[in-house]
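Feature annotations, courtesy of TrEMBL:
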type     : residues                    : note
DOMAIN   : A:3-125                     : domain 'RNase III'
BINDING  : A:GLU38, A:ASP111, A:GLU114 : Mg(2+) binding site
ACT_SITE : A:ASP42                     : active site
ACT_SITE : A:GLU114                    : active site
DOMAIN   : A:152-222                   : domain 'DRBM'
There are 2 protein chains.
Amino acid sequence: MSLAALESSIDYTFKKPALLEQALTHRSHGAKHNERLEFLGDSVLNVAVSALLFTHYGSLDEGDLSRVRANLVKQASLADIAQKLDLSRYLRLGEGELKSGGFRRPSILADTFEAVLAAVFLDGGFEAAKHVIESLYVPILASVDPLTLGKDAKTLLQEFLQSRKLALPIYTVIATHGAAHSQQFEVECSVPILDLKLVAAGSSRRAAEQSAAKLTLEAALAANPAPAKKRASRARKTTQLTLPVAVAQELK
Amino acid sequence: MSLAALESSIDYTFKKPALLEQALTHRSHGAKHNERLEFLGDSVLNVAVSALLFTHYGSLDEGDLSRVRANLVKQASLADIAQKLDLSRYLRLGEGELKSGGFRRPSILADTFEAVLAAVFLDGGFEAAKHVIESLYVPILASVDPLTLGKDAKTLLQEFLQSRKLALPIYTVIATHGAAHSQQFEVECSVPILDLKLVAAGSSRRAAEQSAAKLTLEAALAANPAPAKKRASRARKTTQLTLPVAVAQELK
């Protein structure tokens, strides 16, 4: 696999292509693998994203900045970027990992992406790595809402209600099913003043509460409570909304 | 307090001194405080220390690198550096924090140090911040052993015994004292082949085990078991050794 296409998609050409090759080499493949690079790349990514958020969101406090950063650099986010870059095509894996589909594993993709960033940093310096990272993250920032990104459904529902000076939701376990080791919980989330009562199930009380909060928030958003109270029965029929976007619009 | 002395001790002169002033301002003092800078400075410190360790310890794997880094950037280490820089003399605190001795608090000192690094980064770029951080950390690296830094006493004792192909230590709770909420545990750590049995107390079983392991390792090192077995009674009389240094010498 020629590396020129990868260099083109990250907009960086290596002076020492061996660094990029090492970054793409999983430890299952050989001795000169990418784990030390991953250690370095993690911190390179972190500082570049931090600097980007620091300037991009001049009025966010450090708590919000930390939350947004954690979400942007978590494994799933990095694996997404790695997939956009088609990193799996360039990955060098050992036999076993190849057969077990290691090139699709999010942890391997995320680690390899970090290693590639370290390779750019070592090859071209901090500004080169920063440029690569910013090119990848600026489009992502355009699509996230920093006020909601990475918050869980219960928090979002609570903030939604507080912003309208409405009472907090009430969570009630209404049933448990199954044996102790495989219990299912049914939790109802109710917001009396909006006439909302939604039920969701989960393998823990916490998970069921989160699911119920998500349904309730979607219903509350769809019912658009600001002008008048609507019936929950109608809200229940609304289709699923993508949470962060919908909430972003509501909170603005 | 003139900032020139501080600039001199970090070997950096600000183009925009207002950035340094903000870095030295605790949130208790005023609106333009240092918390956002601390968010950024944390990641600047992390990448500079990572890069330093990456080149300085070319043969350490990423697990060891992470352990050493964690130890070098933990709050207590940063507060130490802040004290060497006399940061508390320049700190701007609110009335309450001033009275309660906030200028001595490790968390405030560590956070302020990170904020100062961010100020250098914003004022002079990555290379300037890297230079400041390396000047502070290169002398520290000279005095640490990367094979032992940040490892707990049980781990160090285990590695010491394994390196001599000796059987692992045996930990036994020999007594508990006090009521449930304020229990004291006495744990014996024994290494039969070295004729060592040392007892230590702690407020948890884990804490007592660590203390007993520390005593046992000190005794084992002092007894210098390589040539011949010595009696534990003699080892017990040895004075306390500073662990990392002593172990470092033994492992080399």
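Yeah, the Cβs are placed from backbone N, Cα and C, and that goes for glycine too.
Just so you know, TrEMBL annotations never went through curation; they're auto-generated.
Using a cut-off of under 8 A between C-beta atoms, the binding-site residues A:GLU38, A:ASP111, A:GLU114 that neighbour chain B are A:GLU38. For the domain 'DRBM' (A:152-222), the number of residues in each DSSP class (helix H, G, I; strand E, B; coil) is 35 helix, 23 strand, 13 coil. When Cβ atoms from all protein chains are considered, those within 10 Å of A:ASP111 (Mg(2+) binding site) total 26, not counting its own.
The residues of the domain 'RNase III' (A:3-125), classed with DSSP into helix (H, G, I), strand (E, B) and coil, number 87 helix, 2 strand, 34 coil. For A:GLU114 (Mg(2+) binding site), the Cβ neighbour count at a 10 Å cut-off comes to 24, with all displayed protein chains included. For the domain 'RNase III' (A:3-125), the mean pLDDT of the prediction comes to 95.
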